[in-house]
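Novice: For reference, the structure I am asking about is given below.
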Amino acid sequence: MTLSDSIVRWRYRLVPDHLLGEILTKRWVDNAIPLLILACVMAVFGSLIPDFFGAASVSNLMRQWGEFGLIVMALTIVMVAGGIDLSVGSIFALGNIVALTLMHVAELPVPLVVLFTMACGAAVGLVNGLLVGFLRLRAFLTTLVTLIIVRAVVDMILLKYAVAIAAVFPDSDFWFFFGEGYVLGLPFSVVLTIGVAIVLHLVLSRTRAGWHVLAVGGSRRSAHNVGIPVRRVICATYVVSGTLAALAGVLFASRLGAAGADIGIGLEIAALTAAVLGGNSLGGGRGSAAKAVIGSVTVMIMVNSLVRIGITSGGSSLLLGLVLLGAVMIDVRWLKNRQKFLSKVYVSPTYSALPAAPATDGASPYALNDRLRPVEAIGLDRIDGPEDVILDANDNIYVGNRTGDIVRFLAPDYDQQEVFAHVGGRPLGMAFARDGSLVVCIGGMGLYRVTMDREIQKLTDETNRSWFSVIDDSRLRLADDLDIAPDGRVFFSEATVRYEMHEWPVDCLESRGNGRIICFDPNTGTTRTVLKNLVFPNGICMVHDGQSFLFAETWACRVSRYWFDGPKKGTVETVIGDLPGYPDNINRASDGTYWLALVGIRTPALDLALKMPGFRRRMARRVAPDEWLFPNINTGCVLRFDESGRVIETLWDRSGDNHPMITSMREHKGHLYIGGILNNRVGRLKLDGVDETWTAKRSYWGQS
Amino acid sequence: MIGGLTRMIDSVFGRGDAAVTVPSLDGALRPNRALDEATDRASLQTVDCLAMFGDTLVASAGAELFELGSNGTWDRRTDLGSTITCIASLPDGIVAALQNGDIVVHGGVRDGRRYRLDPASICMTDMAYGEGTLYVAVGSATKGADAWQRDLLERNASGSIWRIDLDSGSASRIAAGLAWPAGVVVDGNGLVFSEAWQHRLARVDLERADTPRVLIADLPGYPGRLSKGADGFWLAMFAPRSQLVEFVLREPAYRSRMMAEVPEAYWVAPRLRSGRSFYESLQGGGVKHLGILKPWAPTMSAGLCVQLDRSFQPRSSLQSRADGATHGVTCAVEHRERLFIAARGDDVIVSVARESLVTDREDGR
């Protein structure tokens, strides 16, 4: 290995490039930019203003934030559902004056005051909701009108009761607790707002009601089409919004007890700025409580700090407007470009140097021949993509197909075929269990069992989640092949956790250890990952000792052996390390050796590219996927090897016409049955000089 | 300075010169299977170039010349002792350029006479005769005619165009610094040549000998030999361009390692015939589904023959697609109202009636 190769190898071993793409697939990455802005704002004002992080300053700021945060959350709820509520500022003012009037003038008990004030806000919200949701008026204009009307009502109440409010000082500690009390060392309003934020987060992310709101905001028509009561949902968001705004008013009333005419004026712009700055989309469908919190803290700090620096109120409004403009711009660009960026960076190849490929001519055990020429085609053009082939005791053939069926070809002539079971996903590897049921790896679904009564049972579709994996790897994406240990444990491979079924060749471009082998124990019903970071693990086959299995790593071009029991438990040994092609399924042969399918042959140009990850990364970005350098999976072969890794024979189809594409083979009563994931037939080859009574079923489960 | 900066930014974002876009086959170049549908096909191993010897059509293959017999068979005519890189018609015979650098006349008053450009020039790719003068395209100053893939991957531009006075034998250079000129044809008082690695046709005025003027640029294939037809010209494009090759051409590290470590037959490079070995690299769209290779599959080789009008704009085309059997068109010549096309990739000469062809394409449009 040259020095530059070593440098490249270490560079890709040390820097986990794939994480960038994985992080970008996460929804929470939407919060990254708002958080960054918040950090900048804190850094700038923290350095400009002396004692910015002092206790008094922080406490004052927090109390104000409690009220402001509630209003931003009120607005967020409406925005998430695709609307906008400009009347939050007025409702806040209304809540303030109503609470003061009830407390100071009517002298009602505190709980009643709170309840009544919130009901007041809810009523205004209901008016908004009815107009926007049911009468389908424009949200912007409607709430603008409500803003004006409510403001007028506030002025009228103010005119009538301002003097009375100022004259009375309520004698209730409970009342002042709202504005001045502490819970666990934090101002009450902050605790309340955090509580509301947690509830809002849980509702939006975990409940049916929240999903309805997000769905309506994401696409009103689609939401309607799937049966969500769109009008009711929209109306409800305005009611909740009004209630929260009024609650903020109560807190404000308790804190200041002031009945001024300018309370809540311009608040809607500040709240809107905060909501958008936090990353809540103006178009709806994308938003969260966390975003509202981040945005409100940022705006709160900015507004207060500007006042403390001594900038006049006009300047402060100007800055707020500019920030709103910038936030809207980022919102639009981010939405538009995130997926584009993600698609460019997700494929992240790594360094992979394969050992020199053995020759396929001369005296090589892999030498070309035409031994697959006599293969007969079963079900030619009547089957689409039989990845694996298996035969039962009555010689019937079972194969999966692309449309999600397990198809059975009936013995003895295999002219007739029937759908044995429709499983929905992509059936890949298959094996018969001791009780005669068919255990199947289904791409996109997981591990399933089909009994001979055609009953489909799920065995498992998830495993333990890795601690340090960014993407959720608990769910099975691409269960590939399996085999069953003598005690009934099912070991199956999951080829890759980073790609979906149909993108499997793209995983080759990465050639990273994205795959794993998982064990399902039917005795305890548990699923656990036993081997990780394998390079596209594919075929699995039990060794005759009952303590270990062979597995193929396709893009690493090797076959290894893993001991799950016995004295060597837990160890992995390479059996064949330098295959000339990409190994797929492994199955037992009648003489105690093993069959291995090579799905494709290594090409020198791709082998070189595997040592140059930068080249492959740029290719993935610049070149259209149909033009990418691919593993050559158009030509394959079948070979037989023994436990020591000695290759005994290789079966080729030189022209590639007779049986293109091989992913699996199964020996049964003197014949070899061949499957291919992109093929249109099942191949059948008469084997010479083998035990013509041998079946895999007997080899695994004895004479039963 | 600004130019360098722009190039750097372009290479980061894959824009400008760093863009790997290839023009799509459209308009007159819309995909078709005309070459594969041609019923008149004659197999001739390593057939390369076609020319007229009086009224007889002659083909070069290896070191030998073949002629088209009256019954449609190709009969061996002579062996010139060295691999022929191209042939051209003279008024009373033909002239052949050999791999050893000689240009030798066959037939006519100058039979057997040999010419030479300069000792170093061995890569004659095409020739054309006009008024006592022979015009010769030299693909590269450093590579032989069969090492064209290496010349492309090295991104050379060392080709030139020469003129030889057939009476005196004196040779002079008309143009130099060209990226593999692969075809020449006389057009009035000018000479039109194809510049393969620049994917364009250009015209140089023979009287004024000014800088060449580009006639058509950004062709979707590598333009090769040109010939004059009854109503315009024929252009043989010997290989298609592909995004992957364009990308590899912009990856110097990979290119140099590939040329050093990978056998030449398996390079990621355009080819006269591809897909014969499983050691050749495969591209995403080339994966066979249900045993079928898609016609649109990205390919390193194809058959492309373009009919040009008198102003060298494409009028129609005959093609063989990824799954076709007439790849690597190296020459196209009109003869007795038929068009003969030599496809070296598949060792075949196909011919189609000229009339049927033009109307077909225009109807199809």
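Each Cβ is built from the backbone N, Cα and C atoms, and glycine gets one as well.
Sharing the feature lines straight out of TrEMBL:
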| type | residues | note |
| --- | --- | --- |
| DOMAIN | A:480-566 | domain 'Strictosidine synthase conserved region' |
| TRANSMEM | A:32-56 | transmembrane segment |
| TRANSMEM | A:68-92 | transmembrane segment |
| TRANSMEM | A:112-135 | transmembrane segment |
| TRANSMEM | A:147-169 | transmembrane segment |
| TRANSMEM | A:181-204 | transmembrane segment |
| TRANSMEM | A:230-252 | transmembrane segment |
| TRANSMEM | A:258-277 | transmembrane segment |
| TRANSMEM | A:317-335 | transmembrane segment |
Novice: Residues of the same chain, at least six outside the transmembrane segment (A:112-135), with any C-beta under 8 angstroms of its C-beta?
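Specialist: For the transmembrane segment (A:112-135), the nonlocal Cβ contacts are 83, 85, 87, 91, 94-95, 98-99, 102-103, 142-143, 146, 150, 175, 230-247, 249-250.
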Novice: Could you break down the residues of the domain 'Strictosidine synthase conserved region' (A:480-566) into DSSP helix, strand and coil, giving a count for each?
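Specialist: Computed counts for the domain 'Strictosidine synthase conserved region' (A:480-566) are 10 helix, 44 strand, 33 coil.
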Novice: Counting only pairs 6 or more apart in sequence, are there at least 3 Cβ pairs under 8 Å between the transmembrane segment (A:181-204) and the transmembrane segment (A:258-277)?
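Specialist: No; fewer than 3 Cβ pairs under 8 Å.
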Novice: Limited to the domain 'Strictosidine synthase conserved region' (A:480-566), I'd like the whole-number average of pLDDT.
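Specialist: Summing pLDDT over the domain 'Strictosidine synthase conserved region' (A:480-566) and dividing by its length gives 92.
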Novice: Using a cut-off of under 8 Å between C-beta atoms, tell me which stretch among A:68-92, A:147-169, A:258-277, A:317-335 contacts the transmembrane segment (A:230-252) the most.
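Specialist: Most contacts with the transmembrane segment (A:230-252): A:68-92.
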Novice: Can you work out which residues elsewhere in the same chain, 6+ from the ends of the transmembrane segment (A:147-169), have a Cβ less than 8 Å from its Cβ atoms?
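Specialist: Distant contacts of the transmembrane segment (A:147-169): 86-87, 89-91, 93-94, 97-98, 100-101, 104-105, 107, 124, 257, 259, 261, 268.
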Novice: Would you kindly list the residues that approach the transmembrane segment (A:258-277) from elsewhere in its chain, counting only those six or more residues past its ends and only Cβ-Cβ distances under 8 Å?
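Specialist: Result: 34, 37, 68, 71-72, 74-76, 79, 84-90, 92-93, 96-97, 100, 147, 155, 158, 161-162, 165-166, 249, 252, 287, 291-292, 294-296, 298-300, 303, 317, 320-321, 323-324, 327-328, 331.
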